[in-house]
Amino acid sequence: MEKWQCTVCGYIYDPEVGDPTQNIPPGTKFEDLPDDWVCPDCGVGKDQFEKI
């Protein structure tokens with residue numbers, strides 16, 4: 001699965017891990033995150049992430 005990086009703070013969303021801080025289970029692709037999901041480190045939206 002593809003990882004995505006926040007262009008503001010450098011946080012990396014790894015779909016194999018998900019985002020336990022926002023109840024996103026492991027195996028959730030970046031494209032399948034809710035529209036209101038934000039970076040758990042700095043709070044920006046999905047539009048501030050790029051595929052790495």
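Using the three backbone atoms N, Cα and C, a Cβ is placed for every residue, glycine included.
Taken residue by residue with DSSP, Cys39 (Fe cation binding site) is part of neither helix nor strand, so it is coil. Shown in sequence order, Cys6, Val8, Cys9, Tyr11, Gly45, Gln48, Phe49 are the residues of the chain, 6+ apart in sequence, with a C-beta less than 8 angstroms from the C-beta of Cys39 (Fe cation binding site). What Swiss-Prot lists as Fe cation binding site is Cys6, Cys9, Cys39, Cys42.
Per Swiss-Prot, domain 'Rubredoxin-like' is recorded for 1-52. For the domain 'Rubredoxin-like' (1-52), the predicted model reports an average pLDDT of 98.
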For this session: Identify all same-chain residues not among Cys6, Cys9, Cys39, Cys42 whose C-beta atom falls within 8 angstroms of the centroid of the Fe cation site's C-beta atoms; report them in sequence order.
Result: Val8, Gly10, Tyr11, Pro40, Asp41, Gly43, Val44, Gln48
Problem set entry | Cys6 (Fe cation binding site), number of other Cβ atoms within 10 Å | 21
For this session: Provide the three-state DSSP residue tally for the domain 'Rubredoxin-like' (1-52): helix first, then strand, then coil.
Result: 9 helix, 12 strand, 31 coil
Problem set entry | Protein Cβ atoms within 10 Å of Cys42 (Fe cation binding site), excluding its own | 12
